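Student: Mind looking over this structure? Questions follow.
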Amino acid sequence: MMIKLGIVMDPISSINIKKDSSFAMMLEAQRRGWEIHYMEMNDLHLDQGVAIADTKVVQLKEDPNGWYEFTSEQTIELSELDAVLMRKDPPFDTEYIYATYILERAEEQGTLIVNKPQSLRDCNEKLFTAWFPELTPTTIVTRKAEKIKAFRQEHGDIILKPLDGMGGASIFRVKENDPNVSVIIETLTNHGQNYAMAQTFVPDISNGDKRILVVDGEPMPYCLARIPAKGETRGNLAAGGSGEPRPLSETDLKIANAVAPTLKEKGLIFVGLDVIGDKLTEINVTSPTCIREIEAAFDISITGKLMDAIERRLQAQA
C-alpha cells in the first residue's frame, strides 16, 4: 500500500538542504514511493473537533537551486494521512501546544503522529532530564536568585539556561567570581518570574557536545560531536560550533540505552540526546537534527530506520 505521510515544518523555502533533517526524512519517504503532504503550522485547523489540514503534495530533489515542487493542493481531514511528522522547530510556546492538540485529534482517529503529541507536551527538552538524575550533571530548577547563588557558591563553575531556548540561546557559564551573576540571573528568571536551570559545568565540553539519535528505542551507532568555537562554552552548531561525526563510545551507548525504553514507551520515535562527557544534558523531542552530517560520514541510513519504524507501527495498528 502507498503510505501517505504528512509533515508539519518551518517553511521549506528557507531550509538548508545540506543540513536539514526534515528534508532527509522526506527524501527517504519519496524513495519509498510514499505520498508526502507538506504543511506549516497555520495549515492546521479544527472543525467541530475534526482535525483538518490544507496540504500541498510535494516532490523533492537534491538540488540547491530548486529542491521542492508542489504538485497539488487540497484540504483534507488529517486522519486521511497514515502518519504525520511534527517537525516544527521550537519555540515551544502556546501556539506549538495548540498544534499538538489538533494533531492529537487526528491521532485519536488512527493517524500515527511522530512524535506523540501528548509526549511533546509532557517532555520539556531541558526538564525531561530530571527523570534520569543519575545520568545528568548536578541540576536545580528554580525561579529564586538566592537558590542559584547558593548553588554557584557550592559548585563554583556552573551553567545557567532557560527552559525554552534552542540552538544554545541564552546559555551562560558563570564562574566563581563572575561579577555579572546577579544580572544574568535576573535576565534568565525575568526577575523571578520564570524558572531557570542551573547545572554544574562539565569540563568535557571542549571535546564536544554529542548529539545521539534514538529511533524508536534504538540508539544509532554514530553521533555528531559539536565542538565549541574557540573561547565558547556552547557546542551548538547554531552558536558557531563545528560538527564532527563519531562512533558512539561505550559511555554514550550506556546513557542512550538507559533512556531509550522510556522514549519508546512514550511514543517518542525520533529523539536527539545531548551528552557532554558522561552526562546527559538534554533530551530533544521536538525537531532533532544532525541526520545529514552523520549519514554523510558513515554508511548508515538513519532516515531508513525511521521510515522502517513508522511502517512497523502502522502495520501493528492495522
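We number each residue from 1, going along the chain as drawn.
From the backbone N, Cα and C atoms, a Cβ is placed for every residue, glycine too.
The following feature annotations were taken from Swiss-Prot:
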BINDING   151-208  ATP binding site
BINDING   Glu282, Asn284  Mg(2+) binding site
DOMAIN    125-311  domain 'ATP-grasp'
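Can you tell me where each of these features sits in the structure?
Tutor: DSSP assigns Lys175 (ATP binding site) to coil, not to a helix or a strand.
In the three-state DSSP scheme, Glu282 (Mg(2+) binding site) falls into the strand class. Within 10 Å of the C-beta of Glu282 (Mg(2+) binding site) there are 23 other C-beta atoms, taking all protein chains into account.
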Student: Please report the Cα separation of Ile159 (ATP binding site) and Glu282 (Mg(2+) binding site) in Å, rounded to an integer.
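Tutor: Between the Cα atoms of Ile159 (ATP binding site) and Glu282 (Mg(2+) binding site), the distance comes to 13 Å.
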Student: Inside 10 Å of the Cβ of Phe151 (ATP binding site), count up the other Cβ atoms and send me the figure.
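Tutor: Result for Phe151 (ATP binding site): 19 neighbouring Cβ atoms inside 10 Å.
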Student: Taking 10 A as the limit, how many CB atoms besides its own sit near the CB of Lys175 (ATP binding site)?
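Tutor: Its Cβ shell of radius 10 Å holds 11 other Cβ atoms.
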Student: Rank the binding-site residues Gln199, Asn207 by the number of other Cβ atoms within 10 Å of each Cβ, and give the residue at the low end.
Tutor: Asn207
